[in-house]
Amino acid sequence: MKIAIVGGPTAVGKTDIMIEVCEEIGAEIISMDSRQIYRYMDIGTAKPTPEQRKRVPHHMIDILDPDEYYNAFLYRKDSLKAVEAILKRGKIPVYVGGTGLYADALVRGIFEGVPADENIRKELRELERREPGILRKMLEEFDPEAATRIHPNDLKRTIRALEVYMKTGRRISELQKETKGDDRFFIIVLTRERYDLYDRINRRVDRMIEMGLVDEVKRLLSMGYSKDLNSMKTIGYKEVIEYLEGKYDFEKMVHLIKRNTRHFARRQIIWFKRYENAIWYNLTFVSKEELKKTLKELIVKNFSV
């Protein structure tokens, strides 16, 4: 039995096509999106609509409040429980989403062997406060491979990698390779030509604004959720907050959301290219009906192995 992970960049069209595919093969969708797990954050995370969720059952959506902690280790554990429940119902589980870290957790396993050390973390945070950018330089020196995988702005993962090195004297990239992978999964990646994808991103952002993204952010702030929460730093929410603070005007806000989303999509594509055995489909050149037929056959065939 092989379970499909259908990944790809934001706005490529994963949700729409996979709802139709899963509806026709009797499958249930497990969201692989690190932002759709949060309640009240609907428009800016492009959650499936209530109508879509009625057509095909979805899992790992709306499971946490925006101020609750979550990570890839917990995602793997919780989503595999969903897999078990789906299998007991005689249905096919299919992962759909663009969070590469969650895909890694499933396919390559999670390295959790070194306990957290708050003293080291505090020391590293203080070092970064005194000299911004120093932790990135340290990571590039001590673990160049990890530095290529961790975004320069991802302070949390940078600190974790340095913490592991300081505690063990070993690189986290080496320890992660020793983590046992999981061969129950195979990866399908949906992509588009850049001009096509960027146009879809721009139009999606316009729709989010029309649907009330600004009001959604205002409501979250009025509920007491801090702008400093990890969830509130999501693209779309962060820019709206800064607009509400008067840092720039409405047009600049929209421009920044579009630009930052395009950059994010590019990083997602780079991430999924790391999976050597992934099966890629370019939606710019393949018809929807042809792709649906191919995906249905591929998912069912591998599930039946």
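Placed from the backbone N, Cα and C atoms, the Cβ positions cover glycine too.
It is 33-36, from the ranges 33-36, 129-132, 177-180, that Swiss-Prot records as region 'Interaction with substrate tRNA'. DSSP places the residues of the region 'Interaction with substrate tRNA' (33-36) in helix, strand and coil in these numbers: 0 helix, 0 strand, 4 coil. GLY8 (ATP binding site) sits 33 Å from ARG121 (site 'Interaction with substrate tRNA'), taking the C-alpha atoms as the reference points. In this structure, the C-alpha atom of GLY13 (ATP binding site) lies 15 angstrom from that of THR99 (site 'Interaction with substrate tRNA').
Across the structure, ALA11 (ATP binding site) and THR99 (site 'Interaction with substrate tRNA') are spaced 13 Å apart at their Cα atoms.
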